[in-house]
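One structure is given here, and the rest of the page talks about it.
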Amino acid sequence: MILNGFGVFAFIWVGLIESFISLFGYSLLYKYHNGSLSVLHANWKRAQTLLRDSWMLLLSGLAVIVYMRIDQIMIGQMMGDEAVGVYTAAVKISEVWYFIPMTIASSIFPAILKAKEFSQKLYLERLSLLHSFMFLLALMIAIPMTFLSDPIIQMFFGEKFSEAGVILAIHIWAGIFVFLGVASSRYYLTENLPKGELYKSISGCLANIVLNYFLIPLYGIKGAAIATVISQFIASTLFNLFFKRTREIFFIQLESVFFGECSVV
């Protein structure tokens, strides 16, 4: 899409289409299990509540789509298609791991919810454990990928994309904050903070745009990779420090980096 000159709104439309396809698939699965999708049997009050509570999460998802792809669009505009191709080669390998935190967080989320019903202390301990595990897992991916980035790029893309090796070595560290961000998103859901999730995504989007604007002219595609790491840190971690409702999750994230126990006050 980037190489064919599509803009940022193309990615938004792709995200929406993907959501509708997923919705269609879930509908078929529901009907397959003898569920009823009749309008007459719909609970419209419940539907209105869900829409009211979820529209900010939808906007947040769109903002994430934008800020995870805006670097490639800006590289294309500032450096050309060849630079985009090299950068995208590194990003594809760097982001292939991002399904892991989603899978882990989704499977553990029910246990976190149950812990909150039982005890606030147990709830925070489980959140802390999740963040520590996510950080350790991301670190186990980032360290070897940093040292093996050059041979990995050459193995998958050939000598022509050799410059992507150093990009991968930088970009892979954004995964640390992606993993922590996915873990903290469960806190946002549990504490019913959809506005916070939206503002967090917007802050990451704006940070990525500003950083790319200044760093790409200075460092080329390396600057874009650096901008991605910093903007992920801002959106996934630093943002939580500046608001009272999210400050405890910031300290949980901070403690997870040092493998400390949850002792938020």
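Placed from the backbone N, Cα and C atoms, the Cβ positions cover glycine too.
If you look up TrEMBL, you'll see 6-29 (among others) marked as transmembrane segment.
The transmembrane segment feature in TrEMBL is assigned to 50-70 (among others).
Residues 122-123, 125-127, 130, 133-134, 137-138, 141, 175, 178-179, 182-183, 185-186, 189-190 of the same chain, all 6+ positions outside the transmembrane segment (96-115), place their C-beta atoms under 8 angstroms from a C-beta of that stretch. Per TrEMBL, the feature transmembrane segment maps to 96-115 (among others).
What TrEMBL records for 127-147 (among others) is transmembrane segment.
Per TrEMBL, the feature transmembrane segment maps to 167-189 (among others). If you look at the transmembrane segment (167-189), the same-chain residues 6 or more away from its ends with a CB under 8 A from one of its CBs are 86-87, 89-91, 93-94, 97-98, 100-102, 105, 108-109, 112, 127, 130-131, 134-135, 137-139, 141-142, 145-147, 149, 152-153, 196-197, 200, 221-222, 225-226, 228-229, 232-233, 235-237, 240, 246, 249, 252-253, 256.
Per TrEMBL, transmembrane segment is recorded for 201-219 (among others). Away from its own ends, the transmembrane segment (201-219) comes close to residues 59-61, 63-64, 66-67, 70-71, 74-75, 78-79, 226-228, 230-232, 234-236, 239 of its chain (Cβ-Cβ under 8 Å, at least six residues beyond either end).
Taken from TrEMBL, the feature transmembrane segment covers 225-243 (among others).
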